[in-house]
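Asks: Attaching a single structure in structure tokens format; questions to follow.
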Ligand code: SF4
């Protein structure tokens, strides 16, 4: 077993996770609870994680909620069941804590759509602009930004900037376009997008609405404009969840990653939630990056404390500033406690 573990450890960077067989008789829920106590570890999970992971997490949330939890935890170890940029954000906020990610290859097509070298050139072409970046970006992009935002606070962040100050918004062009519309700004947009939120088919949604005439279409602002135009409510993952619980309709067509349907169903068990159909026949509205994390990988990373997120201190400090700015503005706007 030990030889297997040291061999698996040596391959973690290449494989992304500890590639070890897990005893199928193990009660992983119990084991994960045991490890949390023994190691003083907190398990943070994004709404897009598989239901089993959501059920064993200490905190489930969207990017803003998770960043806030990461900022205030007193645990020794943060286990981040989400994608790489989220665990990176936790590390930026907690340099002295160990941050674990079940699979290092859990990336993000949106973060990947903004390579730092190209973005630097783009920024140099707009020297009088400040940069507001959506949290779904790499630490390098954060370090090139003035303020970070999430879909839950982006409007307030933009409105905190004087109206005559030109802004570059990165990396999501759909979210940026939507924000330009609701704030009346004319931000210069980086041409990035999320593969999951770009896949929804307007035609299929319209057909679905014929079959479910009372269902409300609710959408995440990373969706394309044509979908947002049809939506009866647009909001961050947390805002969609709140709306679905508090609103008085009985049926919803949900245009975002399907993982959130688990919480919606738990919080509003009498309502019906229908995932908005993608443009093809595969389950492309499941984020393939988020779903790389499994209960087995989660257990292994907690047991052996690897893969771990590490970062150069210079990069961390540069990336921290715009995140702190976001938390400060969000606090002032009453969005977080
Ligand atoms: S759903 Fe899109 S933005 Fe979110 S992690 Fe997956 S690829 Fe990135």
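Cβ atoms are placed via backbone N, Cα and C, with glycine included.
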Asks: Can you find which of 287, 301 TrEMBL lists as binding [4Fe-4S] cluster at the same site as 108, 194?
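Replies: Site partner of 108, 194 for [4Fe-4S] cluster, according to TrEMBL: 287.
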Asks: Per TrEMBL, what member of 63, 113, 201 joins 46, 134, 135, 136, 151, 220, 221, 222, 237 in binding iminosuccinate at one site?
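Replies: TrEMBL names 63 for this iminosuccinate site.
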Asks: Measure from the CA atom of residue 194 ([4Fe-4S] cluster binding site) to the CA atom of residue 222 (iminosuccinate binding site) and give the result in Å, rounded to a whole number.
Replies: 7
Asks: Under 6 Å from ligand 1 by Cβ, which binding-site residues from 46, 134, 220?
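Replies: Correct list: empty, so none.
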Asks: Taking the mean position of the Cβ atoms of 108, 194, 287 as the [4Fe-4S] cluster site, which residues outside that list, in the same chain, have a Cβ no more than 8 Å away, listed in sequence order?
Replies: 83, 109, 110, 111, 136, 195, 196, 197, 257, 289, 290
Asks: Tell me the Cα distance separating residue 287 ([4Fe-4S] cluster binding site) from residue 134 (iminosuccinate binding site), rounded to the nearest angstrom.
Replies: 18
Asks: Work out how many Å separate residue 108 ([4Fe-4S] cluster binding site) and residue 136 (iminosuccinate binding site) at their Cα atoms, rounded off.
Replies: 8
